Amino acid sequence: MVSFLTLTSFFFICFFIHGSSAVDTISGDFTLSGDQTIVSSDGTYEMGFFKPGSSSNFYIGMWYKQLSQTILWVANRDKAVSDKNSSVFKISNGNLILLDGNYQTPVWSTGLNSTSSVSALEAVLQDDGNLVLRTGGSSLSANVLWQSFDHPGDTWLPGVKIRLDKRTGKSQRLTSWKSLEDPSPGLFSLELDESTAYKILWNGSNEYWSSGPWNPQSRIFDSVPEMRLNYIYNFSFFSNTTDSYFTYSIYNQLNVSRFVMDVSGQIKQFTWLEGNKAWNLFWSQPRQQCQVYRYCGSFGICSDKSEPFCRCPQGFRPMSQKDWDLKDYSAGCVRKTELQCSRGDINQFFRLPNMKLADNSEVLTRTSLSICASACQGDCSCKAYAYDEGSSKCLVWSKDVLNLQQLEDENSEGNIFYLRLAASDVPNVGASGKSNNKGLIFGAVLGSLGVIVLVLLVVILILRYRRRKRMRGEKGDGTLSAFSYRELQNATKNFSDKLGGGGFGSVFKGALPDSSDIAVKRLEGISQGEKQFRTEVVTIGTIQHVNLVRLRGFCSEGSKKLLVYDYMPNGSLDSHLFLNQVEEKIVLGWKLRFQIALGTARGLAYLHDECRDCIIHCDIKPENILLDSQFCPKVADFGLAKLVGRDFSRVLTTMRGTRGYLAPEWISGVAITAKADVYSYGMMLFELVSGRRNTEQSENEKVRFFPSWAATILTKDGDIRSLVDPRLEGDAVDIEEVTRACKVACWCIQDEESHRPAMSQVVQILEGVLEVNPPPFPRSIQALVVSDEDVVFFTESSSSSSHNSSQNHKHSSSSSSSKKMTNDNSSA
């Protein structure tokens, strides 16, 4: 019995000694689970399972053993385990892996294709904090297969190399935690770029701080001059043909220091103060918290002088209060009450003074604060506005407000920011309390009545002034006038002078009291007229461009819907191109035609690229290009237009437009992009060159589909002059311009929309800024190449006033080969 107890005690003591002794290695017969850890041989670093803060999740991580737990590296950042006791960190199948629960589910792995046996591998936590997976043996003879220094987390330890692989262009990154209790990769990262500068990025794309390039003479980064005063670190930069990296060591090994890509979005340098038993913030960039991009998220307000730095404005609350408590403000703020745009009186604007204005604004040409406010009030998508007195710019925000900052009172660079709120969320600043002083109450009542009477008088005068101003046509600021039906009835002399008509109504000439001419479109048809009315007001009501027809105002009284435009004395382009022998009009010369083509392209480029939303016109044709007194082209008739938000690339809509100008994707029924307008423009450009409809019979009475004929001439180096309108004989026709126009037109009508140029590229080509390559033959028109056989075409037009000719333009869905359109490496 004694012998048995003695033997049992011996084994217990041996087991206890083995279990309590610190080891630095995980090998085939030693794993980590529960509270087990490994410790570097010098006792500096420790590794095992940990739980951040009050989180219920467990991770495998490394920390300083002798200091308060400061996590330096995490293996399974992306996926936590729920139970540390049933989870195992071990070597298996040539890898270091983490298994969650009963050895079944792999959570993390080194991801090697190793052929080494388990018994030949070991994972060692070295004295520098590097976890190394290597073949067994001494540190000198061992072969390192994987090391944690090549996979940094949020902390940069001495000896770690944040490198750039010049062969692949990829850089290692320090990436912040998502929050104080969530080590998964956050939104902020530090990386090295090709200019030898370190930069901090938001979401891997938006740079908001840079160290500047490395200066080998002074051994500092150009934008970090304080490195000259450093007495703690020895910085080193290395660069060769394959990679570049920056690393550092510490002069005094007794000092404990680290760099961290913090959840705040700042790169921070900490040193340990042994006397205080605390970390000291030695250096950080950006210096100001509010310089961090999107730190407070959407609609959040940042202030460098408050704690916490982020707050939500009036009428908003944190998207996630739990995340905000953990200093993760990235989700931003959400409205307490959603906006309702059906009634303008239930939305108001809340005034935020002395603000550094948010990013992602759009600039409107407005001349005063009141006009700017009116423009935003009238646009349901406008979430906020501000007026910059210095530059006389009206700034509006139609998307989420980002990087809004509250400036200090002594800072005079701030602006007043007006944020749209539901009226129920706007505080009643007037109802601050009651008074028992009857005299004060009586005086206040009398004063209020006096103010009300004065305000009413001012309002009446303003309304009279505005009415007179509107009737004089003084709306140069770009805002829309609301006309009464009687006013337009008088202006058009009871709609007596009809200019034309179409599927949606008729157009009449009129004059305002100041004798300025206008064109009034009276929309007809209850449903279609209402739809076109809304579409035109939304699309062109708030935009201005020299090549877009200007909408001056509107009338909406019950079923009566009218639109008021500037009058175009030279009518539409088709009336000058497609002349019959009876009509006596001036034939447009080539220079004028080319300027019309260029101006139209500029107008479309503005619609596609420079408006708040991409506007697809959907019905580009000569009938919808109006000419002013100087023959300056104006894109008109936006009744079929579609708006596409900048977050989307295409829109699914019903087929619309005019046959003969329709892109193939209209017929196939797929979602369209702005490239549908490009196709229509290409067809119209051919008609500008030829002076006739694309399907009109030629002089020798053989039916020719002009685009196929022009494509044949272009691809076979034929006579370009033969494509020009014969009525221009004797006119100074610039063949180089004709060639450029025909080439770009042929590119515009390619079957695959990805092969067509953007309208901005078309403008550059016509201006001669870009050289254009020979286009491929569009496959959908190859069947229409000129032959001896008769080809019958049929045309339908949305405008009954157009000079219709019959055509039946059949499109093929076959694609053309992808080619470069220009010589500047920009693809069509």
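Using the three backbone atoms N, Cα and C, a Cβ is placed for every residue, glycine included.
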Test of record reading: of N85, N570, which one does Swiss-Prot tag as N-linked glycosylation site?
N85
With reference to Swiss-Prot, specify which of the listed residues C341, C382, C394 is paired with C376 by a disulfide.
C382
Tell me which of 582-600, 658-676, 734-752 corresponds to the region 'CaM-binding' entry in Swiss-Prot.
582-600
Quick one: which of N240, N494 has N-linked glycosylation site in Swiss-Prot?
N240
Of N113, N490, which one does Swiss-Prot label N-linked glycosylation site?
N113
Which one of N255, N804 shows up in Swiss-Prot with the note N-linked glycosylation site?
N255
Disulphide bridge to C394 as given by Swiss-Prot, partner from C341, C372:
C372
Among the disulfide-bonded residues C310, C382, C394, which residue has the largest number of other Cβ atoms within 10 Å of its own Cβ?
C394
Including all protein chains shown, what's the count of other C-beta atoms within 10 A of the C-beta of C296 (disulfide bond)?
28
Helix, strand or coil at C372 (disulfide bond), per DSSP?
helix
Among the recorded positions C372, C394, G505, whose Cα is within 10 A of the Cα of C296 (disulfide bond)?
none
Express the distance between the Cα positions of C290 (disulfide bond) and V507 (ATP binding site) as a whole number of Å.
55
Using the structure shown, find which entry in G501, G505 (the binding-site residues) has the sparsest Cβ neighbourhood within 10 Å.
G501
Select the closest residue to G505 (ATP binding site) from the following disulfide-bonded residues, measuring between CA atoms: C302, C376, C394.
C376
Indicate whether C290 (disulfide bond) is helix, strand or coil by DSSP.
helix
By Cα-Cα distance, the member of binding-site residues L499, G501, V507 nearest C382 (disulfide bond):
V507
Which residue, of the recorded positions C372, C376, L499, V507, has its CB surrounded by the fewest other CB atoms within 10 A?
L499
